[in-house]
Amino acid sequence: VLFMLLIAAVIYLLTCSCLSCRPFSASWWFWLSLTGVNLAGATGVKFVGLFVVLLVGLNTICDLWDLLGNLSLSLVMLWKHLLARVLCLILLPLALYTAIFAVHFTVLNKSGPGDGFFSSAFQSQLIGNNLHNVSVPEHLAYGSVVTMKNLRMAGGYLHSHWHLYPEGIGARQQQVTAYLHKDLNNLWIIKKPDSDAADLSDPLSPVEFVRHGDIIRLEHKETSRNLHSHQHEAPLTRKHFQVTGYGINGSGDSNDFWRIEVVGRKPGKLIKVLRSHVRLTHVATGCVLGSSGKTLPKWGWEQVEVTCTPYLKETPNSLWNFEDHINPKLPNISLDVLKPSFAEILLESHMVMIRGNSGLKPKDNEVTSKPWHWPINYQGLRFSGVNETDYRVYLLGNPVIWWLNLVTIGLYLLMAVSTAVTLKRGVQLSPELKDLFICVPELSRIVLRGGGQITLGWLLHYLPFFMMGRVLYFHHYFPAMLFSSMLTGITWDTLLKFCAGFLSPSTTARKVYGGGFLTLILLIVYSFYLFHPLSYGMIGPMASDPSSPMAGLRWMDSWEF
């Protein structure tokens, strides 16, 4: 609701006459600044607020283009107009938007189940996270128990479990995935290719550090199987190799060996926990361990696919850092050196939100919808209750409003073309129409400029959903529906004025105009009365039952209330 109110406020301010008179007066600055404040609010509530930002940007460009054609304005005044809009419609919203997130990070500073989506440095700032105010050994050593986090945003921790890959998916060996949450199955032991657990656990044995270029073996702590790869296809990314857990109690074969390399470091250098970005190259095949970012099916517990890519291009998908580090033989250091800047936190949080949002998939038996469903009110969304004994709430657009909006879009296009042709031919309005519209420029301003802005807003808030790969729901159409309803108001106001303009005297015309609007309002109110049980809840027989009081209101078979 807040998001819809903010969009409505932006559109009101965009069309407000206060922005077209007395430029640079106190009231002009107030309304322009208020537009920027509402832009920041709309974008801060939902990312689709960027569409209304784009609408305001396009409208501003048109305004500046009109001012450029005004020869009475000097170039200095044009620059003032440009800078005023940059200040109030770009810099002010950015400052407020950033301030919103500054407050957000200050208030929401505790650990939660979604920590794994963020980098180690980000997590170290969260109270309650195992990285907050903690000390760990600085350099990696053989025998250390570690977790490895992929540097791709929401790439996950290197993970394995007892479950095997199913038949027909590469070799039937233990699954290796990337998991976005903290878990004991994320722990791995760093070993030499020829060492065993007894050698490393001896407290009297000397510490030997892992260095850039070393050949290592990673043994999964919970299952004692080695990180392994071979030339079988990966489950989802067919041109990559499969990564598995292989061996018994740490014993395996030569396909368990990996070369560890640090980005930007020379051979022989020590590897730092958290700060070193490392790449694991499979010795036998030359491929590089990485997280593809693709979600595995249910057999893989919908975790992220881990592959070994033969393409050696350096990307965050193929880079890792060591996060948890347990080795009682080594001294610890504080992680305060990892503290990220506010700009880094802001950028990372947005990248995680964008990737998380774009990767949303429907759950089992979840009702989703497609963009073409929305304008025709094809299907609603059940919020609660599935049978006649349940208290049922069903989200459905008011059919009268929805279908009136749909018809009106076609009417507006016809009216806009007719108006443009009429004005181009120089046709004059009748005295009655002049009385209603005031003048020809006013008709052009209302139908072509005002209606055009609203139509553009509807298109900007509707068409992008056809290109989105994420799961979509009925409520995604609501911002576009707001613009469609505005267009309905403009269109029917103009049509009723035209109809009334052919009547005389003027008092009769005004009665017809007022009566037409009253009829539309009463029709909408009555339709709300008919369908209000869907929103406020209903109980009893389903609408498919002839004895149900809602039976006569199931106008489409796709409505499931």
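Positions of Cβ are set from backbone N, Cα and C atoms, glycine also.
In TrEMBL this protein carries:
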DOMAIN    137-193  domain 'MIR'
DOMAIN    207-263  domain 'MIR'
DOMAIN    268-325  domain 'MIR'
SIGNAL    1-20  signal peptide
TRANSMEM  28-61  transmembrane segment
TRANSMEM  82-105  transmembrane segment
TRANSMEM  400-423  transmembrane segment
TRANSMEM  454-474  transmembrane segment
TRANSMEM  480-500  transmembrane segment
TRANSMEM  512-532  transmembrane segment
Statement: Same-chain residues at least 6 beyond the ends of the transmembrane segment (512-532) with a Cβ under 8 Å from one of its Cβ atoms are 396, 398-401, 404, 436, 492-493, 496-497, 499-500, 503, 553
Message: Using Cβ atoms and a strict cutoff of less than 8 Å, what residues sit near the transmembrane segment (480-500) while being 6 or more residues removed from its termini?
response: 4, 7-8, 11, 374-375, 397, 401-402, 404-406, 408-409, 411-412, 415, 432-433, 436-437, 443, 446-447, 450-451, 454-455, 457-458, 461-462, 509-510, 512-513, 516-517, 520
Task: Please work out the helix, strand and coil residue numbers for the domain 'MIR' (207-263) from the DSSP assignment.
output: 3 helix, 29 strand, 25 coil
Statement: DSSP puts the residues of the domain 'MIR' (268-325) at 6 helix, 27 strand, 25 coil
Message: Assess whether the transmembrane segment (454-474) lies in contact with the transmembrane segment (82-105), where contact requires at least three Cβ pairs under 8 Å among residues 6 or more apart in sequence.
response: no
- prompt: Residues sitting near the transmembrane segment (82-105): Cβ under 8 Å, six or more positions beyond its termini, same chain?
  reply: 24, 29, 32-33, 35-37, 39-41, 43-44, 53, 56-57, 60, 63-64, 342, 345-346, 349
- prompt: Is the transmembrane segment (28-61) packed against any residues at least 6 beyond its ends, judged by a Cβ distance under 8 Å, and which are they?
  reply: 2-3, 6-7, 9-11, 13-14, 16, 18-19, 21-22, 84-85, 88-90, 92-97, 100, 353-354, 357, 453, 456-457, 460-461, 464, 476, 479
Message: Please count the residues of the domain 'MIR' (137-193) that DSSP assigns to helix (H, G, I), strand (E, B) and coil.
response: 3 helix, 27 strand, 27 coil
